[in-house]
Amino acid sequence: MESPIFILITLSFFLQSVLASSQTLSNSSTICKTTPDPKYCKSVFPHSQGNVQQYGCFSIRKSLSQSRKFIRTVDRYIKRNAHLSQPAVIRALQDCRFLAGLTMDYLLTSFETVNDTSAKTSFKPLSFPKADDIQTLLSAALTNEQTCLEGLTTAASYSATWTVRTGVALPLVNDTKLLGVSLALFTKGWVPKKKKRAGFAWAQPRSGSSTHTKPFRLFRNGALPLKMTEKTKAVYESLSRRKLADGDSNGDGDDGSMVLISDIVTVSQDGTGNFTNITAAVAAAPNNTDGSAGFFLIYVTAGIYEEYISIAKNKRYMMMIGDGINQTVVTGNRSVVDGWTTFNSATFAVTAPNFVAVNITFRNTAGPEKHQAVALRSGADFSIFYSCSFEAYQDTLYTHSLRQFYRECDVYGTVDFIFGNAAVVFQNCNLYPRKPMPNQFNAITAQGRSDPNQNTGTSIQNCTIKPADDLVSSNYTVKTYLGRPWKEYSRTVYMQSYIDGFVEPVGWREWNGDFALSTLYYAEYNNTGPGSNTTNRVTWPGYHVINSTDAANFTVTGLFIEADWIWKTGVPYTSGLIS
């Protein structure tokens with residue numbers, strides 16, 4: 001039975017359709033033509049006229065209601081099947097419960113925002129950044145539901161008699177369709193038209209700005225301009241063995257570019273810190289901070305930390321700094337072969353917004369024979385990884401959702417080793433395909449954009465793509481590709497990067513026959529190196545060699561609209577194309 005508030009929203013839908021004379025009124029058949037599934041869309045709405053904003057509010061609210069129902073269903077199945085001998089089944093349901101909770105948060109924020117724009121007689125447009133925020137949340141909500149569905153489908157194959165397929169997975173299919181409708185109507189009704197061009201993100205230019213900019217800090221120095229109290233500073237200096245001068249900002253002084261630290265705890269395996277493991281330090285961090293007092297810093301000294309760490313959504317504004325790549329190492333060995341879902345195989349997982357990691361190695365040692373085994377998964381909005389390394393084989397780095405930035409990082413893997421559906425930029429990184437099992441190939445990326453209205457994609461800018469040492473010395477031939485389309489609207493761009501000659505001349509590989517070859521968006525711009533020649537590249541309809549105008553859509557300010565969240569961390573970045 002629908003809640004009273006949902007009934008109220010439904011009545012409001014009819015009243016607003018009468019009063020909104022300043023908006024273009026249409027019936028559901030007309031409105032639904034703009035959605036991915038018009039037939040399903042028409043089955044959702046009342047048979048009355050309204051404008052796209054009213055239909056959008058209605059569908060987002062209904063998505064929220066369905067999300068609540070789904071959580072109750074999952075809870076019931078977890079309780080009912082707690083005795084099952086197949087751990088993958090329970091883990092898939094637990095993933096779904098976790099993801100559904102996040103989806104509810106995203107939908108509630110989205111509904112409150114769009115509902116505030118719809119007055120009785122007029123419509124108030126959203127700013128460019130606010131529209132991008134909501135499109136990002138709806139895109140992530142859709143990704144969450146599809147991640148759940150994939151996990152359930154895989155888990156259900158373990159038992160032919162298990163009812164999860166009909167009891168949980170099938171209802172979720174319709175919920176996913178409804179979210180696609182909500183995202184499509186939001187994109188049509190609220191996202192500025194210029195931003196919607198070809199589904200690209202668009203950045204409103206700042207005064208005097210250019211699409212070509214220079215990085216403002218040195219490549220790979222791994223140090224941030226931190227500002228902290230004398231007490232906190234003494235703790236940091238004693239462990240890091242790095243003296244922080246007053247106004248430590250490369251000589252710039254405290255000009256607003258310093259990174260404010262609210263407090264610090266330390267992790268050291270020899271007992272000289274506050275904690276001997278990272279998990280305990282994370283638990284000690286404050287909950288739901290707004291960042292106004294700065295970042296909560298966890299300093300992790302050198303050591304091999306065999307832990308599975310999850311940074312929950314309430315641990316906002318956390319910064320974790322290690323002693324360097326291959327010095328501070330977080331390692332695990334979970335894999336799909338051993339009964340974990342891909343989602344929860346991650347050694348390190350982060351959901352909390354505004355998370356920053358510096359000078360840390362994240363590793364999964366399961367090995368190529370264990371197939372999917374994630375080193376790090378990020379579904380954290382505004383998450384940043386600076387001077388870190390990620391080491392595994394298949395599915396090393398899961399850039400799951402929301403907005404992410406990687407600077408001066410090393411990523412090692414084999415099959416689909418950078419995958420997911422975030423809006424993510426890799427800058428000045430090193431991507432190292434390594435030796436897979438015999439008869440396997442390497443695919444650097446497997447981007448998971450499943451809907452044309454998702455503002456997601458993978459941008460690889462000013463990076464170096466070279467073979468890892470074990471691939472160079474391999475005693476059998478291995479083919480390496482820039483990527484393959486995991487989902488129908490997969491979107492990946494390589495630009496201004498060095499591509500070594502070991503990459504196959506065709507560049508890209510099919511996923512399965514002609515799947516997604518017309519709907520994907522793969523592009524290359526101004527790359528160098530013996531593997532960058534596009535003469536013999538694939539001839540798919542979705543593959544492009546682009547110019548600087550199109551490439552600018554995949555820079556930091558193109559994909560993210562605003563970059564203040566990066567600037568406030570002190571992490572260096574290039575906002576546009578490199579001159």
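Including glycine, each Cβ sits where the backbone N, Cα and C put it.
The feature signal peptide is assigned by Swiss-Prot to 1-20. What Swiss-Prot records for 22-185 is region 'Pectinesterase inhibitor 7'. The annotation N-linked glycosylation site is assigned in Swiss-Prot to N174, N274, N277, N326, N333, N359, N462, N475, N526, N533, N547, N553 (among others). The region 'Pectinesterase 7' feature in Swiss-Prot is assigned to 265-564. The site 'Transition state stabilizer' annotation in Swiss-Prot covers Q394 and is backed by similarity to another entry. The active site, proton donor feature in Swiss-Prot is assigned to D395. The disulfide bond annotation in Swiss-Prot covers C409-C429 and rests on similarity to another entry.
Contacts of N274 (N-linked glycosylation site) defined by a Cβ separation under 8 A and a same-chain sequence distance of 6+ are given as V265, T266, V267, A281, A284, in order along the sequence. Annotation for the recorded positions N174, N359, Q394, N526, N547: lowest Cβ count within 10 Å of the residue's own Cβ, N547. Per Cα geometry, C409 is the residue among the recorded positions N359, C409, N462, N526, N533 nearest to Q394 (site 'Transition state stabilizer'). If you measure from the Cα atom of N553 (N-linked glycosylation site) to that of N547 (N-linked glycosylation site), you get 11 Å.
In this structure, N174 (N-linked glycosylation site) is part of a helix by DSSP.
Between the glycosylation sites N277, N533, the minimum number of other C-beta atoms within 10 Å of a residue's C-beta occurs at N533. The recorded positions shown are N277, N359, C429, N462, N475; of these, the one with its CA atom nearest the CA of N533 (N-linked glycosylation site) is N462. In this model, the region 'Pectinesterase 7' (265-564) carries an average pLDDT of 98. Comparing local CB density within 10 A for the glycosylation sites N326, N333, N462, N475, N553, the maximum falls on N553. Taking N174, C409, C429 as the recorded positions under consideration, the smallest Cα distance to N526 (N-linked glycosylation site) is found for C429.
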